[in-house]
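**Student:** Quick one: the structure is below, questions incoming.
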């Protein structure tokens, strides 16, 4: 172990290594969320809880303990905002819960970056989804997906893309 756990996490990883570990552990859950949202237009509560569990269990090993602890507030704030958006806008409850589960993975100092990534991921995933939906041979590869039939968009794919882009960017650039 290198360094003080209060400043490096229990494993003594640098920020890039920490982001890489979190990306690896979160990736299967993100795949589950994306496929579920595409297939059923629902994000399972179990997937939300699994992502929260990843942060709860892996977080103290890879993040400084004070950082890990304070980031739980991100979950609470995003959950509250998501609840309001669910009530006043057309924002799915599953999307709100998953966004809240993602929130602790983001540094507050990277909020601007996170919003830019969200905007880019939302735009690219929306355009890609609509393009694939409009091309019969591509749509035919998964003909039973609920997201092809509905007017609304499976926001889970943009949320997943945002989280993974952020973690992989940090893992790559430090």
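For all residues, glycine too, the Cβ spot is worked out from N, Cα and C.
Just so you know, TrEMBL annotations are computer predictions that nobody has curated.
Not my notes, these are from TrEMBL:
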TRANSMEM  16-35  transmembrane segment
DOMAIN    25-126  domain 'Prepilin type IV endopeptidase peptidase'
TRANSMEM  47-65  transmembrane segment
TRANSMEM  71-93  transmembrane segment
TRANSMEM  105-127  transmembrane segment
TRANSMEM  153-173  transmembrane segment
**Student:** Output the single range from 47-65, 105-127, 153-173 maximising the number of Cβ pairs under 8 Å to the transmembrane segment (16-35).
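**Tutor:** Highest pair count goes to 153-173.
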**Student:** Mean pLDDT over the domain 'Prepilin type IV endopeptidase peptidase' (25-126): what is the value?
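**Tutor:** Per the prediction, mean pLDDT sits at 97 for the domain 'Prepilin type IV endopeptidase peptidase' (25-126).
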**Student:** For the transmembrane segment (153-173), what are the same-chain contacts with Cβ under 8 Å, counting residues 6+ beyond its ends?
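**Tutor:** Answer is 15-17, 19-20, 22-23, 26-27, 30-31, 33-34, 36-38, 41, 43, 91-92, 94-95, 98-99, 102, 105-106, 110, 113-114, 117-118, 120-122, 124-126, 129, 147.
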